[in-house]
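Here is what Swiss-Prot records for this protein:
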- 8-282: domain 'tr-type G' (DOMAIN)
- 17-24, 81-85, 135-138: GTP binding site (BINDING)
């Protein structure tokens, strides 16, 4: 089957921003103007196409990344609408991994918010080119120029305006296109009556100022243009457009546009910018992967290359299990057998579909550069690579943040136990930041996630989609343990003699603090066979298992490096089990000697309140063991940035509402792990041992 769109005419883009910047409304308008929907859906009415889960339509927020294919001026545009709430960071993370370009949406009133910075960092991590759309220009307090400056200051982006607004708030009536030096006046709110005119006289000076900045920025991308610019020659529209494209794809320029998606102003011009400035799959660097022998290879966006696709999302569906994939090279065909290279398992593709939110169109194949969904993949999870059997390669997986909050769950009736475990398995397959485990001591099922809202929505989905009513315990903090000093030559010796064959395992280890984020690291420096090779693995396993259950208070031990330096064995009595126990004993002993400490998740908390309430809010954050990092005031609103332990932040949404008469808002996201103060740690440890 021939390709319907040449690869140069494909754009894989995401729409990302902070909560309430208007992402979903922007997506709806794109779909409307590109002809995929015939009636505009509104978030506040609960009719948006990309918000298709019940919880999304009720809450007016986007939770999962909905993938949609549409077209604009002979270009195929695959769009992912991502959530702005920090509890759903994994959805943004996984979409950034498979995109070639991003539209970053900013609110012209709220400006650059904490979540904007998070999304920006994620786009930086995957080097995704982006354009910015300053939305809601019709709102009271709208200020394009302030947000443009915030992008330059707070995001350190080379944000270059390629449009300027004509008026703002109620007087917002059009847009100046700086590249073409033309004005577009919107004569109605449906975006159907647009008049192209000369630039209004009262804007001439401002337009010249920003046009000069634009020309300077594009001249820096190309030596020939720089020479022409210094020689005083004017750059042509085509030269500016071409250099802007080059700079955007290289990540050195972020073109800034403006409009009001809700009032249908600026959306068509934004679609033109997607086509003009964001890259085709052929214009981004080839994806890199690893062969079985450890060598690195590249896979180019080409139908004739071997198949390489990344599974970036799993979704339970009434018709079967949907695996969303980005095809980087080759062709994925319906009915074909493929290899899950990550797990080395053969799988069969039964169906392939292109998505229009919760609607779908069956297709025979997905080609290089396509985003779609496959049915029939039973063992494939988020981050797995799908390849031809003859050309296996493993693509770089996703960065998956660790959960920071957990709650115990149990079904309301014993009969629902099976349904609960099926629901939890299905939900954890969909969402890698959602973890499920059973506490070995209490036998309770514990679920962990990225925040209170995250877990609340998952419990809600258990009821709606799996018909499981669950009792949920109080939230628990995901504490961790680590060590502060190094210790050497710590012994673990397990000997058991009770007639007949005995047990003998003996190891000697050094233990030292590891680099942050390394978890548990093991190195063997055994020489001369004092510990036979077949017993080194079990000794490591014993240490690893001890790390999982912790030493101080039963929390996982992280960022430690154990080195096996010596030991001994018995020809008859030694066994894998004996060395596993010896490894566990050595690690526990070493940790107790290495100044063990408790770590807690610290959250980045930003609060925005009317000035009158700021004193109360700061006092409250300090009483929660918070560290105030910055404070600013703008237009009667005060903003406070702080780092606060998660343990003290449960129920904060209710507290801040009551402290500010409902006028305060806040965002909270995980920042890092930090040592718990001794007095607090003693209470936590005593509680874990049942002494409190």
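Cβ from N, Cα, C; glycine included.
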Neighbour count, 10 Å Cβ-Cβ cut-off, for residue 17 (GTP binding site): what number do you get?
29
With every protein chain in view, what's the tally of Cβ atoms within 10 Å of the Cβ of residue 137 (GTP binding site), excluding that atom itself?
29
Suppose you look only at the domain 'tr-type G' (8-282); what would the mean pLDDT be?
81
